[in-house]
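Participant: Below are the structure tokens for one structure; questions will follow.
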């Protein structure tokens, strides 16, 4: 079953709207009336084009408008101040096809940010933001062409796994670069170029984990050895003091002589 038709098309079928010029005019008027009746965020502009097009570009928004029309097919939110995409931010926009979030300040995306629209979305623009990483779950079932260019990506295992599942825009794929990396030598290079050269960031992750575990075990072993050495030396010192104390005590033969001397004197 395809997506529902706009309300004006449900009232006026396409075969009817293309019949004569007066009828086409009537259809356009009907579309205009529907758009005017559709609630539109006060900071945005809405128009009808096979569905509602919501244009909220450069409106100083710091969050996704909550009152978006359910018939929205195109949502343009570029050049704002949005820094976070929360869970189910677009859940009521079942007909959404194009979503532009470029040129914002987006630093984080929740795992369920695109729930409800992921299967129908055809274009998603997240370029020119402040993204360093994204949860793999955020793009589950997403078949849209995605732009991720010009973000300060940190190249490591989780980013590699995310990119493997995405349909990146071929025109900007080489602009998805490592701003930082688990290996400094890859910083500044396109992520796809690095991965195509055979580099596997997940191997670095495993090696780093192994080294950390080895260092931890070595430190623990060193502490045990240090404690044993301290314990032995401490016991040796106690034993030496005890021997010196015993040597300082008068012997039994000396005590016997002193007793005989005392008896003779008496």
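Placement of Cβ uses the backbone N, Cα and C atoms for every residue, glycine included.
All annotation found in TrEMBL is predicted automatically rather than curated by experts.
The following feature annotations were taken from TrEMBL:
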- 39-74: domain 'LRRNT' (DOMAIN)
- 1-37: signal peptide (SIGNAL)
- 211-232: transmembrane segment (TRANSMEM)
Participant: Give the residue counts of the domain 'LRRNT' (39-74) per reduced DSSP state, in the order helix, strand, coil.
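Facilitator: Taking the domain 'LRRNT' (39-74) as a whole: 0 helix, 11 strand, 25 coil.
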Participant: On the 0 to 100 pLDDT scale, where does the domain 'LRRNT' (39-74) sit on average?
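Facilitator: Mean model confidence (pLDDT) across the domain 'LRRNT' (39-74) is 95.
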